[in-house]
Amino acid sequence: MLPFCFEMTSMSYIGRFAPSPSGPLHFGSLIAALGSYFQAKSQHGQWLVRIEDLDPPREMPGAADLILKTLETYHLFWDGEVVYQSQRHHLYQAQIDHWLQSGQAYYCQCSRKQIKEMGGYYNGHCQELHLDAGAIRLKMTQPITHFDDLRHGQMHIPLELAQEDFIIKRRDGLFAYNLAVVLDDIDQGVTEVVRGADLIEPTGRQISLYHMLGQVPVRYLHLPLAMDKNGNKLSKQNHATGIDLTHPASMILEAMAFLGFAIPKELHQANLDEILRWGVQNWRLNQLPESLEITARFSNGTA
């Protein structure tokens, strides 16, 4: 359970877009932003923006401001204040302290080499050693082996992964993504998460965290991913090019086509607000590609 009470909002739709400031928004980021925006606005809901700046060594100076400027240039205006994870460490640490005190979490000093020798999954080696330093792991008492995706139906998580005591704070002192994102989504009242299919695997762990925190999990929708011409997922780690700030309408239309919209010819003459309004009105989950494979559509190097 939680060590303190979150201030929960009403159960009307609240979605979010949560980029990391490791570089500018690229075409793959635009797909995630648009998908989450259309899903929220088509249900007359709120669309929040959160900057997930948990990993300073990977961050690019000025990237957070550039991301927000890009969203504004594309007229993807968010509701409420932008939340920065770097300003919420107290929230994460309070929950970790609670779990350490209750015995639900423990310190671990196993190396990656040792875990590889265990078969690739951590086997709880340090659970009863009562260490006082190292990474912090959560005792997994509520493993999740499947969940329902709003477009793709039941998704399965490998049992070994679901049962693993995973890290909630790294040995270098940085907080783990899974813990931070769940605590933030609860705190912000998020009801549904729309994001790329590359985040399907951690979804099971995040749902486990909801249960262990005594909270009702959010709903999940995973979107198709864009690839570059070499067959790699468009990502900041793969040095994907930032999206063009001078022709946002054409980029929006390209991303909408990727998301399965049948774009009428007259929409190519519309302004940005008209395009987005049409997108909200015509957004349907069944238009999304069925395959969970990374798709090479629109991977011709334009983004």
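Any Cβ shown, glycine's included, is placed from N, Cα and C.
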**Item:** motif ''KMSKS' region' according to Swiss-Prot, located in which of 43-47, 113-117, 233-237, 298-302
**Value:** 233-237
**Asked** Out of Tyr177, Tyr210, which is the one Swiss-Prot records at the L-glutamate site of Arg16, Phe17, Ala18, Pro19, Ser20, Glu52, Arg195?
**Response** Tyr177
**Message:** Let me spell it out: for each of the binding-site residues (Phe17, Tyr122, Tyr177), count the other Cβ atoms within 10 Å of that residue's Cβ, using every protein chain shown. Which one has the most?
**Reply:** Phe17
**Request:** Would you mind reading off the Cα separation of Cys126 (Zn(2+) binding site) from Tyr177 (L-glutamate binding site), to the nearest angstrom?
**Result:** 22
**Item:** binding-site residues compared (Cys108, Arg195) - highest count of Cβ atoms within 10 Å
**Value:** Cys108
**Request:** Give the sequence-ordered set of same-chain residues, not counting Cys108, Cys110, Tyr122, Cys126, with Cβ within 8 Å of the centre of the Cβ atoms defining the Zn(2+) site.
**Result:** Gln109, Gln114, Ile115, Gly124, His125, Gln127, Gly134, Ala135, Arg137, Asp165
**Asked** DSSP three-state call for Phe17 (L-glutamate binding site): helix, strand or coil?
**Response** strand
**Request:** For Cys126 (Zn(2+) binding site), list the number of other Cβ atoms lying within 10 Å of its Cβ atom.
**Result:** 19
